[in-house]
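**Q** Let me give you the structure first, and then I'll get to my questions.
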Amino acid sequence: MSANLKYLSLGILVFQTTSLVLTMRYSRTLKEEGPRYLSSTAVVVAELLKIMACILLVYKDSKCSLRALNRVLHDEILNKPMETLKLAIPSGIYTLQNNLLYVALSNLDAATYQWPSDSQELDSKELSAGSQFVGLMAVLTACFSSGFAGVYFEKILKETKQSVWIRNIQLGFFGSIFGLMGVYIYDGELVSKNGFFQGYNRLTWIVVVLQALGGLVIAAVIKYADNILKGFATSLSIILSTLISYFWLQDFVPTSVFFLGAILVITATFLYGYDPKPAGNPTKA
């Protein structure tokens, strides 16, 4: 059962990450009338949805009893403040990572066509290069921070007896606080002018739901597998996203460096998951 949950959660993570990257990129580069939705508010809404989903799962585990649910939340969260505070560190990092993902996809992919077509060629190239640099720095920062947060969260999950859903409620609580701070600092004026849900449409809500689902799936992967396999699943989703971009969206041309990286990722995934059968003792003549 544990092995089935392990590979099921990994498969869902690959599908979720691939879908999130493609829909998020499309939503950030789609030209529509009116203001574009704010990525900072989308991060907060995703955290709130994750909390609601986890509360429902805890409610189900409590045999659909509101009294039992209230007791579990009170005993595991309010009565254990130090255990709850441990989640503040990875929560802050994950919130930063989620915002950086929006920054990266807004700059790396939109740079080729976000500038007016009647601009001078030199200016267009300089602006495009600048946006690509911003996107690259966002990706690098997210990668380094994600590694630390993933290992830290795995350590917390596997060293305590609290359920993964309780841990996600704690994680989402701090994530919502950090996210609201980001909304106030960076987009406070826009929110006061056009509202918290400005620019939201059906595609935006799909992105938010996928991001909330990702938090749950990642926690399950770390719980039933480990952070290294989570990294491999994410890498496979990047390869899948790129292939879809090439064959379906036709907005990316892979290079020899990409193919080399893809081969290395697939080989590393195979070697990590390969479990050779022990050789039998040779029979003596």
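Yeah, the Cβs are placed from backbone N, Cα and C, and that goes for glycine too.
From TrEMBL, for reference:
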| type | residues | note |
| --- | --- | --- |
| TRANSMEM | 6-25 | transmembrane segment |
| TRANSMEM | 37-59 | transmembrane segment |
| TRANSMEM | 133-153 | transmembrane segment |
| TRANSMEM | 165-185 | transmembrane segment |
| TRANSMEM | 205-225 | transmembrane segment |
| TRANSMEM | 232-249 | transmembrane segment |
| TRANSMEM | 255-274 | transmembrane segment |
**Q** Could you tell me what the rest of the chain brings near the transmembrane segment (165-185), counting residues at least six beyond its ends with Cβ under 8 Å?
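**A** For the transmembrane segment (165-185), the nonlocal Cβ contacts are 38, 40-41, 43-44, 47-48, 50-51, 54-55, 57-58, 61, 72-73, 76-77, 83-84, 87-88, 90-92, 94-96, 99, 153, 156-157, 191, 196, 215-216, 219.
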**Q** Excluding the flanking five residues on each side, which residues at least 6 beyond the ends of the transmembrane segment (37-59) place their CB within less than 8 Å of a CB in that stretch?
**A** 27-28, 65-66, 69, 72-73, 95, 98-99, 102-103, 106, 163, 165-166, 168-169, 171-173, 175-176, 179-180, 182-183, 186-187, 190-191, 196-201, 204, 207-209, 211-212, 215-216
